[in-house]
Protein chains: 2
Amino acid sequence: MRFSPAMLQRAAKAVDKYALYVPTKGVFPKEFKVASTASGVKKNGVLDLGVILNTNKSRPSSAAAVFTTNKFKAAPVLLSRGVLEASHGKGVDAIVVNSGCANSVTGDVGLADGQAMLEMVNQNIGKDNATLVMSTGVIGQRLKLDKIQGGINDIFKKNKFGTDFSSWLGLAKSINTTDTFPKLVSSKFTLPNGKEYTLTGIAKGAGMICPNMATLLGFVLTDLPIESATLQKMLRFATSRSFNCISVDGDMSTNDTICMIANGAIDTPVINESSPEYQQVQQQVTEFAQRLAQLVVRDGEGSTKFVTVNVQNALKFDDAKIIAESISNSMLVKTALYGQDANWGRILCAIGYAKLNDLKSLDVNKINVSFVTTDDSQPRELKLVVNGVPNLDVDEARASEILALNDLEVLVDLGTGNEEAQFWTCDLSHEYVTINGDYRS
Amino acid sequence: MRFSPAMLQRAAKAVDKYALYVPTKGVFPKEFKVASTASGVKKNGVLDLGVILNTNKSRPSSAAAVFTTNKFKAAPVLLSRGVLEASHGKGVDAIVVNSGCANSVTGDVGLADGQAMLEMVNQNIGKDNATLVMSTGVIGQRLKLDKIQGGINDIFKKNKFGTDFSSWLGLAKSINTTDTFPKLVSSKFTLPNGKEYTLTGIAKGAGMICPNMATLLGFVLTDLPIESATLQKMLRFATSRSFNCISVDGDMSTNDTICMIANGAIDTPVINESSPEYQQVQQQVTEFAQRLAQLVVRDGEGSTKFVTVNVQNALKFDDAKIIAESISNSMLVKTALYGQDANWGRILCAIGYAKLNDLKSLDVNKINVSFVTTDDSQPRELKLVVNGVPNLDVDEARASEILALNDLEVLVDLGTGNEEAQFWTCDLSHEYVTINGDYRS
């Protein structure tokens with residue numbers, strides 16, 4: 001073991017993530033109500049079942065989703081995709097989600113179980129094809145339908161729904177698996193019409209995209225009216241710049257789902273691609289999705305650092321993103337960050353093996369690599385590589401200061417164009433190996 | 001920490017890799033001689049410079065090489081590529097290689113330094129364009145040319161060359177960086193003409209493809225006569241099934257080079273693509289390269305296991321290899337192997353996100369996943385997933401036995417065709433994080 005005790009102490013420095021990242025209040029979109037309960041799928045009376053209901057009767061909602069591209073798709077992914085396809089024009093009025101069991105690699109029985117689960121909610125709200133279903137937890141195990149049924153009955157019979165902060169926080173808690181804190185984000189925005197709209201989102205992920213304790217899930221709800229196909233396009237754009245720009249270990253699960261419902265409870269014209277507000281709304285949704293996705297990285301298993309990888313001045317956006325992803329997924333970069341080592345060589349190397357679409361995106365003589373501090377200290381930028389040449393006079397003391405931070409940025413300037421992309425990643429620690437090397441438990 | 005003391009003890013079980021994998025004798029091709037010395041680039045009088053000389057005067061040698069595809073190519077890679085391109089018909093008579101400094105990310109000065117290094121050898125052998133140069137070690141630092149020059153003088157003036165086992169072992173040692181043992185393999189084979197030929201190879205890699213302590217290097221020497229273009233094709237084929245099928249951390253360095261010289265010292269007709277022996281020779285070279293490449297994985301940093309990932313019955317070879325690579329590089333699979341956890345979910349997941357060329361290569365209802373023992377115990381195969389369905393009656397005691405082995409196989413049967421591919425990987429341990437999280441030292 002070559003880690004000094006002081007290093008280990010620094011790396012293990014406890015951060016109270018719950019206090020830092022869990023809000024104590026929020027704003028919530030009109031005409032949504034949410035509930036959660038402990039169905040018994042998880043042990044010890046922990047919340048493990050949630051329902052989101054759209055209560056707006058004035059017009060049909062719009063719903064959209066981005067699903068995992070893993071070829072092993074869990075039953076709820078296949079079912080929700082079908083519900084969504086059949087819902088256009090009629091909207092989606094409920095999402096039912098459980099944690100503790102992912103209902104994945106469960107074959108036809110799993111499909112029947114998931115179908116039964118969503119139909120229980122359809123019956124309670126008196127509608128057909130109005131409910132999306134999501135599951136997260138252990139894979140390869142059957143859903144305990146009796147417990148899920150008991151939980152859904154409990155929620156509807158006892159009318160556990162609420163619109164207040166604690167109801168939303170309970171919902172966020174009910175979808176957690178190995179997460180160390182619930183992920184709840186909300187914000188308001190105003191369009192040029194002077195009206196105020198609300199976005200609320202919850203997510204889970206334990207900071208990793210893990211097939212054992214699946215999954216990455218994210219839900220975004222708004223009271224803005226958005227046309228269905230526009231919403232789908234917008235969510236896909238936002239996801240490509242948020243949930244698809246995070247890395248804990250680079251693995252992608254069988255259940256990953258990001259979905260969004262716009263219920264149009266605020267009575268203004270429906271946004272579509274030709275609306276003048278379209279760009280503004282897309283930007284709002286994207287930034288919101290980024291806030292939510294970043295919380296997933298913050299909760300990275302065993303992680304001690306939150307690192308923004310910022311690739312600037314690229315010829316193509318896609319190549320900037322491919323380079324950001326290559327750096328973010330590199331085990332050697334992640335361990336160097338954990339070890340607080342200003343190892344520009346590993347960063348250059350990860351850039352060099354990224355599989356670019358356009359080789360002209362990278363000119364090895366134009367590249368600049370820096371670390372950037374996230375606090376107020378100066379200088380903010382520490383140059384490690386300048387125009388492809390290592391900076392041999394790098395201020396090692398300043399490097400140590402920046403690398404000791406919990407939040408920092410790796411800045412790559414490609415110098416070949418004007419595009420940029422960000423990725424958010426965390427370090428690779430002893431604790432990560434401990435958590436993931438453990439027996440299923 | 002959730003690892004039990006017993007688990008940690010098992011995982012840390014000391015394996016004397018030097019005793020297991022370093023030979024005590026060997027066979028060596030005719031008309032090659034090798035030398036090594038301690039030039040002082042590395043401290044403490046450790047061997048750090050080697051020269052391989054072809055002494056066959058009866059006909060020109062053939063040389064071939066496969067270089068890193070990383071866009072940041074070290075100076076010796078660029079130089080050797082140029083030497084090789086200009087060598088056709090005239091052959092290559094020397095390889096000079098140093099460890100301790102990779103001469104990478106060193107710009108024009110690095111090119112001049114590498115050129116000076118290879119010219120020193122050219123002068124000593126009295127030829128032009130006859131020497132390949134390779135370097136491995138820390139990147140971003142200038143080569144200490146005075147020390148290299150002293151070392152080359154030492155080798156030639158004192159005629160340190162030899163053809164015996166200890167000369168070859170010394171050469172293997174001289175290219176090591178963080179390797180824990182020298183990698184030297186040799187074997188003889190007989191062609192239908194009744195003549196016997198020899199293959200000898202050395203490699204280094206520290207079991208990782210690491211840009212800080214670069215690099216993966218491999219040299220294969222034979223006294224069989226092979227036509228230049230045929231040798232290049234053969235080496236590319238062999239590399240695609242050996243050195244390009246190993247994974248420690250998935251990172252690819254700036255200096256990776258595999259090269260081969262066939263000096264034709266055995267006086268038989270030159271092998272080309274239309275020779276009847278062509279297929280047999282290609283198979284010999286491929287299997288030989290696999291033996292050498294596997295030693296690199298055996299020396300994986302911090303690794304406790306050597307795992308063969310065997311993907312069978314695939315529709316396409318390329319897709320079988322892509323799936324084997326995806327499993328081999330998954331951090332979640334690697335940590336599960338370290339934790340001796342029969343986690344088929346992570347294996348399926350890595351299969352599911354592999355980016356296949358032909359989607360028909362994977363049918364989620366036909367897939368079988370097993371662990372296979374490498375010792376004589378029975379049953380050899382433990383089925384985890386059968387036709388896409390998890391085997392819920394898996395014998396956990398047997399799983400523990402197999403997972404406790406240092407060598408084991410992950411067998412994936414895709415059931416979609418007749419192609420197969422292998423990858424060789426190791427586990428991801430606490431020690432890996434310790435080694436790679438450490439400050440440059």
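Don't overthink the numbers, they just go from 1 along the chain as shown.
Including glycine, each Cβ sits where the backbone N, Cα and C put it.
Per TrEMBL, substrate binding site is recorded for B:T177, B:K204, B:T215, B:E301, B:N436, B:S441. Under the heading active site, nucleophile, TrEMBL lists B:T215.
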Listed binding-site residues B:T177, B:K204, B:T215, B:E301 screened against chain A; CB under 8 A survivors are none
One finds that other Cβ atoms within 10 Å of the Cβ of B:K204 (substrate binding site) number exactly 28
Checking the binding-site residues B:T177, B:T215, B:N436 for other Cβ atoms within 10 Å of each Cβ, the smallest tally belongs to B:T177
Reduced DSSP state (H/G/I helix, E/B strand, rest coil) at B:E301 (substrate binding site) is coil
B:K204 (substrate binding site) falls, by three-state DSSP, under strand
